[in-house]
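J.: Shown below is the structure under consideration.
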Amino acid sequence: MASFFSDFGLMWYLEELNKKEFVKFKEFLKQEVLQLGLKQVSWTEVKKASRQDLASLLLKHYEEKPAWDMTFRFFQKINRKDLIERAKREIDGCPKLYRAHMKTKMTHDSSRAFTISIQNFLKEKFTEDDYDCFENLFQSKGTESKPQVVFLSGGAGVGKTLMLKRLMLAWIESPVFLHKFSYIFYFCCREVKQLKTASLAELISREWPGPSAPIEEILSKPEKLLFIIDSLEGMECDLFKWESELCDNCTEKQPVNVLLSSLLRRKMLPESSLLISATPESFEKMENRIEYTHVKIIKGLKERNIKMSFHRLFQDRNRAHEAFSLVRENEQLFTVCQVPVLCWMVATCLKEEIEKGRDPVSICRCTTSLYTTHIFNLFIPQNAHSPSKKSQDQLQGLCSLAAEGMWTDTFVFGEEALRRNGIMDSDIPILLDIGMLINIRESEKSYIFLHPSVQEVCAAIFYLLKSHVDHPSQEVKSIEKLMFAFLKKVKVQWIFFGSFIFGLLHESEQKKLEAFFGHQLSQEIKRQLYQCLETISGNEELQEQIDGMKLFYCLFEMDDDTFLVEAMNCMEQINFVAKDYSDVIVAAHCLKHCFTLKKLSFSTQNVLSGAQEHSYMERLLTAWNHICSVFIISKDIQELRMKDTNLSESAFSVLYNNLKYHNYTLNVLVANNVFFVCEKYLFFELIQNCNLQHLNLSLTILSHSDVKLLCDVLSQAECNIEELVVAACSISSDDCKVFASVLISNKTLKHLNLASNTLDKGIASLCKSLCHPDCILEHLVLANCSLNEKCWDYLSEVLRRNKTLSHLDISSNDLKDEGLKVLCRALTLPDSVLKSLSLRHCLITISGCQDLAEVLRNNQNLVSLQVSNNKLEDTGVKLLCDAIKHPNCHLEDLGLEACELTGACCEDLASTFTQCKTLWAMNLLKNALDYNGLVVLCEALKQQTCATYVLGLQITDFDTETQAFLVAEQEKNPCLRILSSL
């Protein structure tokens, strides 16, 4: 009972009383407390006490058992026996029983690899820092208490599940969360996916210790529930597609993707809290679609944990040190060891090699070598030199199973899948015993590989042994399709698959495979891989889609210099993101052999920021120098794009020295969200290049002195920059004067993007220059620039006098109808030259549509109008449609996204399709259009007089009937393109 009171149980039950019952409770407390032989509490305090205050008073004045007995007595008198029964179960039973069950389940968990050394991490004592870390995840900001939605983001297998298990143990064993959550339920998406359909009640019952869970009681306090959704990427589907199918009934069976989507989208139990783990790729897809309260990045085991694991396993201190040193010297293996189960695998493999008297250095040559050595060791008995025929068949069956899983996005396998791939029922206990397979749930015959990367290496081995045409599943595709899917990151779950294929082609790996399986391997696969690279070489669009780091790791694992040089010189365009030390080393290994590069795009995030230890920084800078040497050895680099990169002074110096005398071929330079520790004039020296035509510095902070340096370059006679993008660069109103002079003096600048800078008063000086006859600017973006009502007169004057400006974007400013009226006076003039106007998020209403309609009837040059995210409504759009049908209107593209339209306006919209001969695109996303309205639109789109063929609609936003109708209309009308983004 002590723990229950410490959990504020009394307060919870007092909150269950309505106002009348609560008053009666207080009166009984005043009348009967002396009869019970207890000390009287001040009536003044009791009378004014809230439920929380009264709970505190009772806990303060009475011992726990008497206080609880008294509470039961008063509940009886006010006829709330239901609370008594529930409270007794709570004190003696349900949450306590559940916590005890979960503790037993986790500490004796055979459902995953926790039976190995992972148990050591679960058994580590919790420190105060651990508790603080866990508690901070669910700390509400400010005084408002609201449901928490927390993301754990980290690579596959990096230890997210381990952290979730430790968090649950912390909740079970300590008071860290007991006051916050009555129940924590853990759902692994890869397991849930196997169910196909389920209700939330059924998922909860699966975790319950008894035959049936008290669902009604559990769900009665949703704010006391935490749902852990682990490995969200395991659902392998878009959980945001089923808007119309979301459900709030916890007992109703749903497809599991709809069920999880209902939880994530807060349709079901919105008062509950969520803790979601996902890979960075999955998180990136969702971060703008879920309102989360906290994100924690999981980077895996720290060096001390890895070292400790080796010492625990080896016991012999010297051997442990030898093995750990080998791993520490190999950055790729060390990165692998940050994943708990792989740390155990690496240490086990090295231990076995050392105990057999073999040289462990050879298997640390690359990651592939260590994986294959570990796997082959599992199948070869301790004193044998080669595997039995049965072992060969078992591994071959596993490789076939793994390949099927990679192509079908399956990581949990039933017995039928095992049999289909040649694994007999009698093989399963052996594969479980050696640790190749793991039974994820004792009550169900479902299995996973030790780790997804083990499945990947087995799948790679399949391709070295057989052709895809020999596989029992037609889902398994050719090596060419595999490599393109891997390099283009079509399947985000494929982390090592392609690089293992390359790694297995190394001579030493070929010998190991031939020795294990007893036959020579075909060399055809190497030729096929080179053909893939040649295909990429001749296709610029394909090169844009290739993930450079994936390609680099493939070539690094192969460790074949001849093939590396040939492969790198197939590439004219490379795009890579280096997220850690290992990535930089691998990228350097490849790029120093690239002689044909024309376009380079990279991000090094904070890897080169100088935060590392001195010894690491030296090695990093050497590798960074190899990367930057590509500017010297590739003689024709035309585009350089840097993004999300923080360079220390030393790192910038390396870039500068390699680029300074070899930047003359650059015509595009992009530095987005880049931070340099250097003398800024050095960077601006790099853009003094007469061939440079496009410069984009968005999200890179520019001081006033930086702006002056930039404008000095722009003012030089030899400057040929045509497009300048300085969006979100912290440019101020004072900086506008500097830019204003450039608009007059520069004879090449045609595009200027100043979006998301606070220009305010500075717009006056810009507009003055824009009115100057020497200004040749054609394209101006001032979106989200904090423009106010005084700015519209200045811009109106520009629209009257400037004869070159064809595009103006002033979206996300408080234009309002009054400001729009000022601009429209200029736009209705017969000599207006503006062709494109963007007014998204400008607080325009129906009234403003009257002025826009006047422009459309009089301005024959305007071909694009974007008025999305304004409250135009059906009435306002009718005004626009009537104007679009006017013979003087030549509009081609109209944006009406999120304009609060309904199906009632579809007749008006449809009439523009058939009567306007120029309108080819209309964006209608995020409007409440209905089935009948869409039928009208689609009927118009089929008419011969219709010029429109691009329609912005999110098909999945509609109900099932409407979705089917739109899909059918697209099939009937081959010219029609319905797009979910415009």
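From the backbone N, Cα and C atoms, a Cβ is placed for every residue, glycine too.
Per Swiss-Prot, the features are:
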BINDING   Gly154, Gly155, Ala156, Gly157, Val158, Gly159, Lys160, Thr161  ATP binding site
DOMAIN    1-93  domain 'Pyrin'
DOMAIN    148-471  domain 'NACHT'
REPEAT    594-618  repeat 'LRR 1'
REPEAT    634-658  repeat 'LRR 2'
REPEAT    689-712  repeat 'LRR 3'
REPEAT    746-773  repeat 'LRR 4'
REPEAT    777-801  repeat 'LRR 5'
REPEAT    802-825  repeat 'LRR 6'
REPEAT    827-847  repeat 'LRR 7'
REPEAT    859-882  repeat 'LRR 8'
REPEAT    888-911  repeat 'LRR 9'
REPEAT    916-943  repeat 'LRR 10'
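How buried are these features, and what lies next to them?
T.: Gly155 (ATP binding site) falls outside any helix or strand according to DSSP and counts as coil.
Listed by sequence, the residues of this chain that lie at least six past the ends of the repeat 'LRR 1' (594-618) yet keep a Cβ under 8 A from its Cβ atoms are 548, 568-581, 583-584, 587, 624, 627, 630, 633-651, 670, 675, 677.
When the repeat 'LRR 2' (634-658) is classified with DSSP, helix, strand and coil residues number 10 helix, 9 strand, 6 coil.
Counting residues 6+ beyond its ends, the repeat 'LRR 3' (689-712) has Cβ neighbours under 8 Å at 663-675, 680-681, 718-732, 734-735, 738-739, 741-742, 748, 753 in the same chain.
Remote same-chain partners of the repeat 'LRR 4' (746-773), defined as residues 6 or more beyond its termini with a Cβ less than 8 Å from a stretch Cβ, comprise 693, 698, 714-715, 719-737, 739-740, 779-788, 790-791, 794-795, 797-798, 801-802, 805, 809.
Across the repeat 'LRR 5' (777-801), DSSP helix (H, G, I), strand (E, B) and coil residues number 11 helix, 3 strand, 11 coil.
Same-chain residues lying 6+ beyond the ends of the repeat 'LRR 6' (802-825) with a Cβ under 8 Å from its Cβ atoms: 755, 770-771, 775-789, 791-793, 795-796, 833-845, 847-848, 851-852, 854-855, 866.
Per-residue confidence over the repeat 'LRR 7' (827-847) averages out at a pLDDT of 96.
If you look at the repeat 'LRR 8' (859-882), the same-chain residues 6 or more away from its ends with a CB under 8 A from one of its CBs are 811, 827-828, 832-846, 848-850, 852-853, 888-902, 904-905, 908-909, 911-912, 918, 923, 925.
A Cβ distance under 8 Å defines the sequence-distant neighbours of the repeat 'LRR 9' (888-911), meaning residues of its chain 6+ beyond its ends; these are 838, 840, 856-874, 876-878, 880-882, 918-934, 936-937, 939-940, 952, 982.
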J.: Using a 10 Å radius around its CB, how many other CB atoms surround Gly159 (ATP binding site)?
T.: 26
J.: What is the set of residues, excluding Gly154, Gly155, Ala156, Gly157, Val158, Gly159, Lys160, Thr161, whose C-beta falls within 8 angstroms of the centroid of the C-beta atoms at the ATP site?
T.: Ser277, Thr279, Ile298, Gly300, Val339
J.: Could you tell me what the rest of the chain brings near the repeat 'LRR 7' (827-847), counting residues at least six beyond its ends with Cβ under 8 Å?
T.: 783, 799-800, 802-817, 819-820, 854-855, 858-859, 861-873, 875-876, 879, 895, 897
J.: Who are the chain neighbours of the repeat 'LRR 5' (777-801) in space, where the CB to CB distance is under 8 Å and they lie at least 6 residues beyond its ends?
T.: 723, 727, 743, 749-761, 763-764, 767-768, 770-771, 807-816, 818-819, 822-823, 825-827, 829, 832, 834, 838, 840
J.: Would you please pick out, from the binding-site residues Gly154, Gly155, Gly157, the one with the fewest other Cβ atoms within 10 Å of its Cβ?
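T.: The binding-site residues Gly154, Gly155, Gly157 were compared, and Gly155 has the fewest Cβ atoms within 10 Å.
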